[in-house]
Every structure is written in C-alpha cells, then in structure tokens.
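Quick look at what TrEMBL lists:
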- A:6-27: transmembrane segment (TRANSMEM)
- A:39-60: transmembrane segment (TRANSMEM)
- A:72-90: transmembrane segment (TRANSMEM)
- A:122-146: transmembrane segment (TRANSMEM)
- A:152-172: transmembrane segment (TRANSMEM)
- A:184-202: transmembrane segment (TRANSMEM)
- A:236-256: transmembrane segment (TRANSMEM)
- A:312-330: transmembrane segment (TRANSMEM)
- A:365-384: transmembrane segment (TRANSMEM)
- A:390-412: transmembrane segment (TRANSMEM)
- A:419-440: transmembrane segment (TRANSMEM)
- A:446-467: transmembrane segment (TRANSMEM)
Amino acid sequence: MTIGVLIIAAFMIIPLVIGFFAATKSTKTSEDFFIQGRGMGAIAVFFTVAATWWSSFAFLGSNATFYTNGPVYLTALAWNLLFGFMYYWVGKRVWFLGKRFNYITASDLLGDFYNNEKLRMIVAGILLVFTIPYLQIQLTGGAYLIEVASGGVIPFWLAALMFYFIIVTYVWVGGIRAVAWTDIIYGALLFFGMMYAGYYISQHVGGPSGLFEGLLATSPEHLTLPGPQGAMGYPMWFSLFAVTAIGAFMGPQIWLRMYSVKSGKLFNLMPFLLGFAAIAYMGSLLAGFTGVLLEPGLANPDQILPVMLMEYAPFALASLILAAGAAAAMSTANSQIHAISTIVTMDIYKRYQNPKASQESIIKVGRWSLIVFSLIAYVMALVVPGVLVTIGIAALAGTAQLLVPTIGAISWRRAHPTAAIWGLVVSIAVVLLFTFVPVLKNPLGFHAGVWGLLINTVLFIGISLMLKRTDKEVVSRFDTARNEYNKLYHPELVDGEIDTKREAL
Amino acid sequence: MFKRYPKKKKILYSLIILCFIVLETPLILLANTTEPFVLGMPFFLFWNLVWWFVLTGLFFIGYMINWGSAEADS
C-alpha cells in the first residue's frame with residue numbers, strides 16, 4: 001500500500017519539477033506559451049504527439065474493447081498509420097502556412113483562408129464543445145487508476161482534484177514547453193506499461209500461445225469479427241479506423257503540435273514513428289483477451305486491467321503499470337486543457353474582446369482559462385457517468401468534421417466559405433442526431449462520424465463547384481504560399497502548379 | 001496532381017493506398033478466420049500484423065527517400 005502511494009507521489013512530483021524547469025526556458029510571449037515559439041525539436045514532437053493522442057481511451061478502453069467485443073480494436077494498427085500519414089501530409093502544410101501567416105489555432109488558418117468570421121466562430125465552437133467530453137474521460141480514467149493504484153487510500157474525487165491541480169500548475173508556469181517535456185516521461189511510461197501489462201498478465205494463462213489456444217477452445221468468437229456480441233463487424237471496424245484517426249488528428253491539441261514544430265523535415269519521420277508505436281496495442285490485446293479467461297463477466301469492462309493487476313501482480317508492479325495508465329490520461333488531459341485555453345484566449349478574447357491585448361494580458365487570460373475549463377471537466381467527471389470508448393468516439397466524430405475544410409484550405413483554391421460552413425453545420429447535426437436519437441443510431445452499422453464525413457465531403461465539393469470566390473486577393477495570397485511550399489518541399493510539382501493557376505485564372 | 005508525381009513517389013503512394021485497401025475495405029473479411037494458427041496466433045491477428053509491418057516499412061522507406069520528392073526549410 002505504502003509503495004503504491006509512493007509511486008503515485010513520485011508520479012505527481014516529477015512532472016511538477018519538469019514543468020518548473022521548463023518555465024525557466026520560457027520567454028514571456030503568447031507564442032512561446034501556446035506553441036513554444038515554433039521551436040519544438042524531434043524528440044519532444046514525437047513524444048508529445050504520441051502521448052497526447054494515446055489517452056485513457058487507448059490504455060483502458062483498448063483492453064475493455066478486446067475483452068467485450070473481440071478483435072475490432074485491431075483496426076488501431078491501421079488508424080495509427082493513418083494518423084501518422086495525415087500528420088505528415090496535412091500537418092506539414094498547416095505548419096508551413098502557420099509559419100508564413102503567423103497562425104496559432106485552427107480558426108486562424110480556416111478563418112483566414114475562407115475569409116469568413118462566421119466560419120471562424122463555428123470552428124472554435126466545434127473544437128470547444130467536442131474537446132471537453134474527451135477531456136472529461138481522461139479525468140475519469142486517470143483518477144480511477146490513481147484510486148486503485150493507491151489501494152483506495154486516495155478516493156476518486158481527491159484523485160481527480162490532484163490530477164488537475166498538478167496539470168494546471170505546470171501548464172500555468174511552463175505553457176506548451178512544460179506539457180511537451182512532461183509528455184516525454186508520460187509517453188515512455190505509457191508505452192512500457194501497455195506492453196508489459198499484457199505480457200505479464202498473459203503469463204498466467206500460458207503466455208500468448210496458451211492464451212490464443214485457450215480462447216479458441218472456450219470463446220472462439222473473440223478471435224474474429226463481429227466479436228462475441230455480434231455488434232462489431234466490418235462497419236464498426238472501418239468506423240473506428242476513420243473516426244478515431246481523423247477526430248484525434250483534428251483535435252485542437254494536435255493543431256498546436258503542427259504549429260509548434262521547429263522544422264518541416266521533422267514531419268517526414270513522424271508517420272514511421274507513430275505507426276511503429278502501434279505495436280504497444282499488442283499488450284492491450286493480450287491483457288483484454290486474458291481477462292476473458294481469468295475474469296469473465298466483469299460488470300464494468302473499463303476496469304478489466306486494474307482488476308487483473310490487483311489480483312495477479314505484485315502490488316508495486318500493479319501500481320507502476322496503473323501509474324502508466326494515469327500517464328496516458330494526464331498526457332492527453334494536459335494538452336487538451338492547454339489547447340482549450342489557447343482557443344478561448346486567441347479565438348475569443350484576443351479576436352473579439354481585446355484585439356490590442358498586451359502579451360502579458362494574453363498569457364494571463366490563457367492561464368485563468370486553464371482553471372475554469374479544468375473545473376468544468378472536473379464537475380462533469382463527478383456527475384456524468386459513461387463508458388470511455390463510447391464518449392471518446394462521440395467526441396472524436398465532432399472534431400473529425402474539420403478535416404474536410406482543412407484539406408480544402410491547404411490544397412484547393414476553389415474551396416468556398418459557404419461550402420465549408422454548410423458542410424460543417426449539416427455534418428455536426430448528423431453526428432448529433434445519429435449519436436443521440438436511438439432510432440437513427442449508426443445506420444447500416446457505420447458510426448455517426450462516418451456519415452458526417454461523407455455528407456460533409458459531398459456538400460463541401462458540391463457547393464464549392466457551384467459558387468465562385470470573389471475575394472481574389474485572399475485566394476492569390478494562398479496560391480503564392482502553396483507555390484512557395486512546393487518550391488521548398490516538392491519542387492517537381494512547381495511547374496504544374498503554375499499551369500493550374502494560369503488555367504484557373 | 002498524381003500524374004505529375006515522380007515515378008518513385010507514385011509507386012510509394014500506390015503501395016500505401018493498396019495496404020490501406022487490404023486492411024480497411026471489406027477485403028479484410030477474407031482473412032476473418034482463426035485457422036490456420038500462424039506463429040502461435042490466430043490467422044486474423046497474424047494477417048493484420050503482417051500488413052501493419054508492411055505499411056510501417058513503407059513509411060520508413062518514405063522517410064529515407066524524402067517521400068519521393070525532390071526536396072529546404074527560417
């Protein structure tokens with residue numbers, strides 16, 4: 001018990017120390033607080049992107065899904081690769097435009113390219129509304145793990161409070177630099193925890209080979225789609241792949257991690273690193289499947305890993321692995337709180353309330369909004385129950401819709417603001433309807449987010465082809481920027497780009 | 001756009017798209033079986049791991065050849 005509390009204490013204190021050290025490197029500017037002055041190096045970029053997008057959804061939710069629904073979560077291997085590829089293909093272009101035009105948020109880029117204030121507000125609204133529930137599940141997952149790892153000494157409400165106190169403190173003093181540096185520790189711990197937990201637990205049923213033979217004999221439906229409950233067939237296989245990767249990629253915390261990067265070349269390596277990291281899910285597969293043999297019929301599947309660790313592992317090891325799970329939650333929560341604070345400060349306060357705000361007052365508003373939104377998520381975690389993966393996917397379905405206008409902005413000169421607005425408004429309505437109205441839930445088995453993306457794309461392309469942009473100076477400014485990008489990174493395309501431009505004019 | 005890509009970039013992107021088609025279209029259902037066990041694991045898991053390995057390898061090759069571009073950076 002004492003060891004468990006000591007591990008939790010170390011887990012809480014180390015990030016604080018790192019955060020305060022990071023603060024000594026900070027300059028007192030909003031660009032440094034929100035995007036590290038666009039100077040983040042390779043190691044920090046990889047760990048902060050990976051640890052930010054691997055959350056309690058990944059650590060607890062993956063085990064729970066393998067445990068209850070069979071192999072559908074294996075699609076995570078492909079969604080990690082898709083996420084990595086988008087980080088290279090879309091992220092590098094977003095980074096370039098951000099550096100060229102001084103963007104900090106998603107609304108900055110989309111609002112500027114589409115030259116439309118309404119769209120700017122819609123984007124900020126979508127990101128705020130759909131990120132808060134995802135933040136709430138980090139708190140729920142992380143606090144639960146701290147409660148278990150401490151042997152119940154720290155109750156859920158106090159664990160959640162400590163969880164946020166620590167995060168708000170180091171983000172307050174160090175901004176995104178503190179977040180990225182602590183993410184290096186969190187990331188290493190969470191990948192180790194996921195892999196080792198599965199390997200260790202599966203030894204109780206004869207290792208991986210014994211586990212699969214045992215499952216084949218007792219519950220073979222766990223080894224193929226649609227899983228033991230018959231609910232997770234191909235439509236959900238594809239839905240999880242598309243909605244999780246795109247929704248997480250379009251989250252405000254990942255936008256900041258596109259803008260923060262020091263050099264365009266760093267994007268080239270990320271698809272490989274982020275794709276390779278997916279092997280950690282094999283640990284979740286082993287743990288979830290072992291649970292089917294050792295702990296069948298658990299009421300709350302999200303608790304399968306903690307329950308098994310407490311029963312089959314030495315307390316110190318169990319606490320360490322559960323701390324790794326809490327690291328997965330904290331490394332996502334710290335980035336989300338910071339990203340929400342950025343949206344409130346830059347997209348609302350600086351844009352509409354105080355356009356001439358000083359650097360000092362911008363940082364001050366950013367810091368206080370950390371506290372306000374942490375409190376909202378804390379209250380939600382105490383009063384809103386729910387399954388981690390269900391809430392997580394619903395939240396990701398909303399943010400995923402931003403991919404359509406984003407790809408339009410970075411690659412298509414005809415992309416029209418009216419098309420972007422209607423695409424977003426209708427697709428968000430579809431996501432909400434197909435998620436919350438029982439008779440409309442998941443038509444043909446595909447998740448609401450997939451239908452949203454489909455309708456969004458059709459509307460976006462259709463309306464853009466019907467209308468013509470009249471703000472030629474904005475279109476031409478982006479043409480020039482895209483041409484500069486191609487000259488630097490895809491020189492083989494430059495002549496063609498100029499031809500296309502001439503044709504269009 | 002795709003027509004103007006250099007040859008190695010066309011090949012790389014085509015292979016990546018092919019891998020995603022194998023993994024994420026209904027083609028994946030052709031591998032949706034437990035038998036035969038390969039390397040001690042059910043066939044469906046083995047199949048997914050093989051294609052994950054191939055795609056990850058392609059991403060590494062992509063990095064090594066600058067993603068097929070003739071690519072630069074203050």
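Note that Cβ sites are derived from N, Cα and C of the backbone, with glycine treated the same way.
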Residues of the parent chain within Cβ reach of the transmembrane segment (A:365-384), under 8 Å, 6 or more residues beyond its termini: 30, 33-34, 132-133, 135-136, 139-140, 143, 157, 160-161, 164, 167-168, 171-172, 175, 333, 337-338, 340-342, 344-345, 349, 357
Long-range Cβ neighbours of the transmembrane segment (A:446-467) (under 8 Å; 6 or more residues past either end): 235-236, 238-240, 242-243, 246-247, 393-394, 396-398, 400-401, 403-405, 408, 412, 414-416, 418-420, 422-424, 426-428, 430-435
Within-chain partners of the transmembrane segment (A:39-60) [C-beta distance under 8 Å, separation at least 6 from its ends]: 76, 83, 87, 134, 137-138, 140-142, 145, 176, 179-181, 183-184, 186-188, 190-191, 193-194, 248-249, 251, 253-254, 257, 260-262, 266, 269-270, 273-274, 277, 280-281, 284, 302-303, 305, 324-325, 327-329, 331-333, 335, 388-389, 392
Intrachain neighbours beyond the transmembrane segment (A:312-330), with Cβ under 8 angstroms and 6 or more residues off its ends: 1, 3-4, 7-8, 11, 15, 51, 54-56, 58-60, 138-139, 141-142, 145-146, 148-151, 163, 166-167, 182, 185-187, 189-190, 192-194, 196-197, 200-201, 204, 294, 305-306
Winner by Cβ pairs under 8 Å against the transmembrane segment (A:152-172), considering only A:6-27, A:72-90, A:236-256, A:419-440: A:6-27
Selected stretch (most C-beta pairs under 8 A with the transmembrane segment (A:72-90)) from A:6-27, A:236-256, A:419-440: A:236-256
For the transmembrane segment (A:236-256), distant same-chain residues with Cβ under 8 A (at least six beyond the ends): 34-35, 49, 52-53, 72-73, 75-76, 78-80, 82-83, 86-87, 90, 94, 104-106, 127, 131, 134, 176, 225-226, 332, 335-336, 338-340, 342-343, 393, 395-403, 406, 442, 445-447, 449-450, 453
